[in-house]
Structures are given as structure tokens and as C-alpha cells.
Amino acid sequence: MNVKQPIRLGVNIDHVATIRQARHTPYPSVLHAAFVAEQAGAGGITAHLREDRRHIQDRDIELLREHIETRLNLEMAVTDEMVAIACRIHPHACCLVPERREELTTEGGLDVAGHLDRIGETCRRLGDAGIEVSLFIDPEPAQIEAAARAGAPVIELHTGRYADARNDQERSIELEKLRHAASVAEALGLQVNAGHGLTYANVGAICRIPQIVELNIGHAIVARAFFSGLKEAVADMVTLLHTARWG
């Protein structure tokens, strides 16, 4: 693995839509946010079309697919409705995630090993439509091996436990799990992405895992944008990723 390979930043713009949906106004524009993120160096745009439509709406996905210049990564649950939407809109990539209506945000990885047939069938349907499929999973070898059996070419490692670690010892343990998981995935021929809970303060160590190709980050960027502006917030994260990988 070439440690000099740059990391692609996928900017998750869900929380731009969260602000809009709080008042059900036409602003702020998700599409405008995506344009600004691209201008600042984002390598892709990520959006989660949840079953309850709490933030991103169907029309947002359609507009993003029609107009952005980079990659659209659609996060979605493993349901027939979402597969049909993905096959109609045809994003560059789909990341399959677990989903519960009562959760504030995605709380854990997919149980691929426990639902191998259903997830495998979804991977086949999306793959047959020419859509790259990734599976959002915890950094557990059994889940990574199941992802390979399901036919997904990409995994996204759930970094939430690392991000939520209460002290340096816990953080070190979770970081080692991520490093080992990335090595297991590489040995199985899988592309490794990662995300969830990553911030400007904790992303550096993740960048130094050489197998990681893409990081999807949203909340921290949108939060910083309140004070510095979205373009600067994205540019700061792009610079941080490159410095951590190459420095």
C-alpha cells in the first residue's frame, strides 16, 4: 500500500438540510453547499436519504446527481424503496447503513454476517445497475469477511467508537482495531473508507492508516462553518487530511 496516496474527503451535507428542515424553508440550499464544498477541495459529496426524510429529501438527491462535478455517495438503508430510488437516480456510489427511526445519528455498523443473503442481494442489484457499493461496518474481522462474501467492493469502517473514546487508552485500543480492520480488508481486496464522528481534532491518526482511501465527514465541518464559513471549513479539513497523510 502506497502511504503517499491522497485521501479523498467526502463532505456529508446532511446537516445543511437539517437546518433547512427545522423551519421547512427553501434555504439553506443543499446544492449550493455542495458546490461550495467542491470549490474548497472536496472529492465527493455524501448525503443520507433516511426513510423518515428528517433532513435530506428525494429532490436533493436528484439535484445533486444532476449538478455536482465530483462523486455523489448516497447513504441508504437496505430496503426495496431505497434500492429503487438509487437505481433511478444512479449515484456514483451507495453506502448501505443500518437505520433506526429513533436514533439521532447512525449508531453502529451493519450486521452483514447476520443478514448476508439480504445484503448480498442488495449489493448485486446495485452493482448490476453500475453503482459502486460500500457497506458501513464496525471494525470487526467477521463483518469484513462477510462484506467480501456479500460482494461489496468497498467497506466504510465505523469510526464512532474511536471518536467517542473517553481517554487516551480507550482511543488507542479503538485505533488499533481500525488499523487491523483495514489490513484485513486490504488482504481481501476491499477498498477501505471510514467515517463517523470524525473531527478536526481526532482525524489525524485515522489519516495515517495507509489503506484508507476516503473519509466521510459532515457534522464537524458544518459546525465549524457557522464561524468560519463553509468554504474555509472544508478547505481546512482537506489541508488537515493531506498534512496528516503526508507529514
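Easy rule for this one: first residue shown is 1, then count along the chain.
Backbone N, Cα and C atoms are what each Cβ position is placed from, and that goes for glycine too.
Given the structure is predicted, the values throughout are model-derived calculations rather than measurements.
Residues Asn12, Arg23, Gly218, His219 are recorded by Swiss-Prot as 3-amino-2-oxopropyl phosphate binders, and the candidate that the same record lists for that site, out of Gly189, Gly197, Gly247, is Gly197. Within the same chain, the residues at least 6 positions away from Gly197 (3-amino-2-oxopropyl phosphate binding site) whose Cβ sits under 8 Å from its Cβ are Thr159, Gly160, Tyr162, Ala163, Asp164, His219, listed in sequence order.
For the recorded site, His196 (active site, proton donor), the DSSP three-state label reads coil.
All protein chains shown were included, and the count of other CB atoms within 10 Å of the CB of Glu156 (site 'Transition state stabilizer') stands at 31.
Within the set of recorded positions Arg23, His48, Glu75, Glu156, His196, the entry lying nearest in space to Asp14 (1-deoxy-D-xylulose 5-phosphate binding site) is His48 (CA atoms). Maximum C-alpha to C-alpha distance over the listed 3-amino-2-oxopropyl phosphate-binding residues Asn12, Arg23, Gly197, Gly218, His219 is 26 Å. Proximity note: of the listed recorded positions (Asn12, Arg23, Glu156, His196, Gly218), none has a CA within 10 Å of the CA of Arg50 (1-deoxy-D-xylulose 5-phosphate binding site).
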